[in-house]
4 protein chains.
Amino acid sequence: MDVNIYRVPMSGPEDVSGLKKLVDSGEIKPEEIVAVLGKTEGNGCVNDFTRGYATQSFKLYLSRELDKSMDEIGETVAFVMSGGTEGVMSPHATIFTKKQIEAEEKDEKSLALSVGFTKEFLPEEMGRMEMVKEVKRVVLELMKETGIENKEDVHFVQIKTPLLTSDRINDAYSRGKDVAVEDTYKSMGYTRGASALGVALALGEIEESKVTNDSILHDWNLYSNIASTSAGVELLNCEIILLGNSKKSVSKYRIGHSVMKDSIDLEAVIESMNDAGLEVDKLPTEEQKSRIVNILAKAEASPDGYVRDRRTTMLTDSDINHTRQARSVVNAVISSIVGDPMVYVSGGAEHQGPAGGGPIATIIEK
Amino acid sequence: MDVNIYRVPMSGPEDVSGLKKLVDSGEIKPEEIVAVLGKTEGNGCVNDFTRGYATQSFKLYLSRELDKSMDEIGETVAFVMSGGTEGVMSPHATIFTKKQIEAEEKDEKSLALSVGFTKEFLPEEMGRMEMVKEVKRVVLELMKETGIENKEDVHFVQIKTPLLTSDRINDAYSRGKDVAVEDTYKSMGYTRGASALGVALALGEIEESKVTNDSILHDWNLYSNIASTSAGVELLNCEIILLGNSKKSVSKYRIGHSVMKDSIDLEAVIESMNDAGLEVDKLPTEEQKSRIVNILAKAEASPDGYVRDRRTTMLTDSDINHTRQARSVVNAVISSIVGDPMVYVSGGAEHQGPAGGGPIATIIEK
Amino acid sequence: MDVNIYRVPMSGPEDVSGLKKLVDSGEIKPEEIVAVLGKTEGNGCVNDFTRGYATQSFKLYLSRELDKSMDEIGETVAFVMSGGTEGVMSPHATIFTKKQIEAEEKDEKSLALSVGFTKEFLPEEMGRMEMVKEVKRVVLELMKETGIENKEDVHFVQIKTPLLTSDRINDAYSRGKDVAVEDTYKSMGYTRGASALGVALALGEIEESKVTNDSILHDWNLYSNIASTSAGVELLNCEIILLGNSKKSVSKYRIGHSVMKDSIDLEAVIESMNDAGLEVDKLPTEEQKSRIVNILAKAEASPDGYVRDRRTTMLTDSDINHTRQARSVVNAVISSIVGDPMVYVSGGAEHQGPAGGGPIATIIEK
Amino acid sequence: MDVNIYRVPMSGPEDVSGLKKLVDSGEIKPEEIVAVLGKTEGNGCVNDFTRGYATQSFKLYLSRELDKSMDEIGETVAFVMSGGTEGVMSPHATIFTKKQIEAEEKDEKSLALSVGFTKEFLPEEMGRMEMVKEVKRVVLELMKETGIENKEDVHFVQIKTPLLTSDRINDAYSRGKDVAVEDTYKSMGYTRGASALGVALALGEIEESKVTNDSILHDWNLYSNIASTSAGVELLNCEIILLGNSKKSVSKYRIGHSVMKDSIDLEAVIESMNDAGLEVDKLPTEEQKSRIVNILAKAEASPDGYVRDRRTTMLTDSDINHTRQARSVVNAVISSIVGDPMVYVSGGAEHQGPAGGGPIATIIEK
């Protein structure tokens, strides 16, 4: 297997020119694209339509390029658009290509990935055990498909989940069902949390018996160190991208990860670089920075409102949603270290890393 | 002269309990207080009433404690409340006390400060040359009062300026006058910029002849490296706190500064620590962190929307004002380095440092 | 009893000049003030400090005027500040004075009122049956005090309730207690709802047996037609103002009420005018408009997101809280009918009128 | 000419199912569609991508239905998406079809319309005289095309204009040009204002000599009573829909208009109904309401912040843009009268009606 990564800036949710340029120049073969991971400039909350708009735009472009219907494109490529580019975060897309090639297994492990989809969820299943179990099932399949035997070699599992809307909630009620939560904004936390717990179960990070409907969004001791989940109104199933290192890959890239204990955990950023193989002394050098392809991180407000024993106002600010603020903070910390604000930070880290913190992964050129 | 600094958390704009505790314990003599520099949890924009509320609350407390009228308190103590604690920034007040003592001039320079007030401005004077010149006049007076002869020894000049409101604009119109700008939110930039240019002129940072009404908020090459200005609806004059190092002070603190070139300029944060005397190797140690009393910085969105050649969306986000986003970013960068989110970052750095950047000062215990 | 009402504009939360003018001219005797009902220009949500700021400012003014401590003022006058003046709503205060006079009981009923306070609530009691029962107790006391025997003669019960903050929630947890809801913004709904149910029980509008912790914010069939409750961070108990008509009052005013079925229920606005005695034909004449002293109404987003079978986006807009939008709508409807945007509309009508609607009262000069 | 109108709800910006249903049932022939006028649920400000998303979705649907490229669709159909459905405004699209039929000229005038496009504007031309003149030229062409000789028979001219973005401003600067205004949000006002003045000139509502670059957004005495302009990031030219009554039309609809003097001008709403022919007595009856097809109105905050001599806080609220608030108010007033929140209100009425007011048109079934 060979895996390549390309990071392109976007001038708006509809801007596919970065990808087009790479395709036109022959650098990317569009049929090898397996995933597009985007940061789009909406509010990252319920009514963020930039995710759907970017997805529609990328599908439309690839549909023409590959002469397939947009639905067919959607069945083979995972489009995970994460909304919210607060602070200095720069809108962009990370494009993953993959091709099967004949090659001997190597000693050194390299970047490998697989993409998969769960079934579509009913409103009453969202943010509940049905979602947890279905995500677990697909993650285990994807590990096998990626040729990763050792769970330690999985470094990042990115999931796009659906959320509840007023219409979906009314639909469940009309069929005599209830839902995990009535607040549509809050439902994003439930679906993000449930799918993260699915990853944690798949990778044996937590005990199966401890996960119930009641523990979702309540027992913060249950979490995955490598799940990164993001909710969007534009889908009904989960789209999953599993990233790890494998001897079966000949990619020139490698991935490592760490866990931020809170949103200003500078040390964890460095650790994820070192885990990928950079050997950083306190802060990366210019040469080391230039080898970083992208950093993928999750951000969330601390549930008790405190960071390093200091009161913050993210949770009591009724004008700006706390996920918007958390993204801005984590992106700023990472940007200041790598000297580039075009890194991927996604908001809402429920059951992803410890409360108030979140997973972080670094992909480097070897 | 002896100068002391106390940083106290605030649980809301009306919370004076941190100060009260220090007064009750005898650590602070209320009559020695010369300035209160607060970060309050409003939006930091036009309709941020947390600044006025905090000011009223502190005045009310000191009025009872010192048995003076609130107006009398306002004439001797500078209350500079800067609104906006986005991201992880923790609401707090920094209280400065000063007393004249008999002491020989020392070889080593230590923290010194003075506080002053301009006249009240008419709406038509706000954000214009009248403000520039009046600020310059008071800054020069304050240098003298602080016993600082060398302009290099001034490290931070904090100014609270008024802004235009609909009523004030209508008042100017009713008298046949026009105003610098009609947009009330934008007027905050004009008054911040004009008062910063007043500092720059006082300290000889720029040429007098280049500053005109037209260059205010247009010629970004004109700026001060040490001015920090903040606008609020609750006053009509400027309140000025000048901070520097002087041989005439016996304070146990010292101040240093640097200039952030952009909002993720981690290196400038370290430089300001070193300028104060910390001798940091790449990142501060725990011992060094513990000697930092507070960091004072300015933040602003880059006027062209780009940071390190990457497009950001701060200026085109019509839901969150860009000053709110800029504060969050700069606070996050500093917090991650000092391991404490309770640092002072104020938004809107027009003519304060280069475009998109801003001054930063560190006060340490020697 | 004689009761008078004065409506004064406010140029900011700290502006008491409207009241001062009436006091200085002798029109109001400050010792007769029993309640101040304000619309202040914050966001009306968790971090709205304009309510506390206005309260502090009014107390400070009355404290000087009456030579009493601010605490003493707080014990005799109810300050109910409702935040949020979205759309064209104009910030103002309605001041109620009351004096006991010797007078024969009249045939005609006139405006009468009483003011009372509940005990302070613990975080774990807020939004729960403890609050419901305590409010009921005080409302029944106030009816007696106002000389109203017939429940139909009570037309409006305005309550200011506390809410949960991060600190209060942490406090409950530290004592091994849980809270009604963890989301601080959402807690405002719980305390508003619980206190409204207290009114409904006191006035026999609903059956006692149906109200439990579980029915609060779930069973929307339970509601009061005359409760108007508003939450604020600045208090821990409930402040209650009961308004009705009584033969024991010689006031020149009278109150009537109706219930808006949804937020654009123009007909209910007219009904409340007629209930007060205006005899409006479709729309009020200029003469009739001039007799309206103030209109008091509650607003909320329809819980299913639909108004007249049309989808609205209030509940899915993650940038503007739905209470802010609902206030704007109801105020606009009323303003267009009375030709004056300075009317009182308070947000969040949980258990106050039917789902999506809310009580409305009109006070007229007879 | 025959003209038909269809109003369909939208469940999101990408929802074309309402149109699809009408096409599938044969009620609409897709080749007869000339304009789609949408209210989409973004913030209606700079970063509102719901307008582009809806346009792309409608083009995509019609492209498949008519077997034409999306660009070809864009050249024949005007897609005017107005963002912002604050308050109870319900997202929807109004679809206009037109066909040329042989028919004798009738005595009675009926609804007629034409659609046209200006050239694409350079950033330095936006919001300036170049835009004014080009819009005037196209409006005059459209009148001729619609068969309207008498200017009084034009009742509504809807225009979609471009706006300035950071990138467009930088582009102008790079070519040594300046722009009308640097603030991207504010640029929406300039392009809306300039294109409205183009309509006013075309219809002889104002004197040609009074309109200069300096009068745009300054001289509020210059305005059109029938222009309705809306800005969006997704286009570079203006799209214009001219609506009026003509003897050459056999449409079963008729249009009338009036001008709201301020945002709560209930009387003007009634006048526009009467101008269309409804004969309303104070308030419309249920039968009259049922004949209203749609109401089209413009909304803006009063530039001095006052409505009926009362201070409002729209202009000083730094958390919610004033256009968002103004839309909510005007929609609420109209909705309460017609009993339906699915009416079209577009924000930003610069030079459209008097300051703080705006044009309003009613289309009825005869």
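We number each residue from 1, going along the chain as drawn.
Including glycine, each Cβ sits where the backbone N, Cα and C put it.
Nobody curates TrEMBL annotations by hand; they come from automatic prediction.
Per TrEMBL, the feature region 'RU A' maps to C:1-102.
As annotated by TrEMBL, region 'RU B' applies to C:110-247.
For C:Lys160 (active site), the same-chain residues 6+ apart in sequence whose C-beta sits under 8 angstroms from its C-beta are C:Ala78, C:Phe79, C:Val80, C:Met81, C:Ser82, C:Thr229, C:Ser230, C:Ala231, C:Gly232, C:Leu235, C:Cys238, C:Glu239, C:Ile240. TrEMBL lists C:Lys160 with the feature active site.
Marked as active site, nucleophile by TrEMBL: C:Ser230. The number of other CB atoms found within 10 A of the CB of C:Ser230 (active site, nucleophile), across every protein chain shown, is 26. Secondary structure from DSSP puts C:Ser230 (active site, nucleophile) in a beta strand.
Summarising the annotation, TrEMBL assigns region 'RU C' to C:253-366.
Spatially close to C:Glu300 (Mg(2+) binding site) yet at least six residues away along the chain are C:Ser263, C:His322, C:Thr323, C:Ala326, C:Gly347, C:Gly348, C:Ala349, C:Glu350, C:Gln352, C:Gly356, C:Gly357, C:Gly358, judged by Cβ distances under 8 angstroms. The Mg(2+) binding site annotation in TrEMBL covers C:Glu300, C:Ala349, C:Gln352, C:Gly353, C:Pro354, C:Gly357.
Neighbour count (other Cβ atoms within 10 Å of the Cβ, all protein chains): 28 for C:Thr323 (site 'Important for substrate specificity'). Per TrEMBL, site 'Important for substrate specificity' is recorded for C:Thr323.
Just so you know, of the binding-site residues C:Gly353, C:Pro354, C:Gly357, the Cβ with the fewest other Cβ atoms around it within 10 Å is the one at C:Pro354. Proximity to chain B, taken as a Cβ less than 8 Å from one of its Cβ atoms, holds for none of the recorded positions C:Ser230, C:Glu300, C:Thr323. In the region 'RU A' (C:1-102), the DSSP tally of helix, strand and coil residues is 35 helix, 30 strand, 37 coil.
Around C:Gln352 (Mg(2+) binding site), taking its Cβ as the centre, 31 other Cβ atoms fall within 10 Å, counting all chains.
Excluding C:Glu300, C:Ala349, C:Gln352, C:Gly353, C:Pro354, C:Gly357 themselves, the residues of that chain whose CB lies within 8 A of the CB mean position for the Mg(2+) site are, in sequence, C:Tyr223, C:Val259, C:Met260, C:Lys298, C:Ala299, C:Glu350, C:His351, C:Ala355, C:Gly356, C:Gly358, C:Pro359. Under the DSSP three-state reduction, C:Thr323 (site 'Important for substrate specificity') is assigned to helix.
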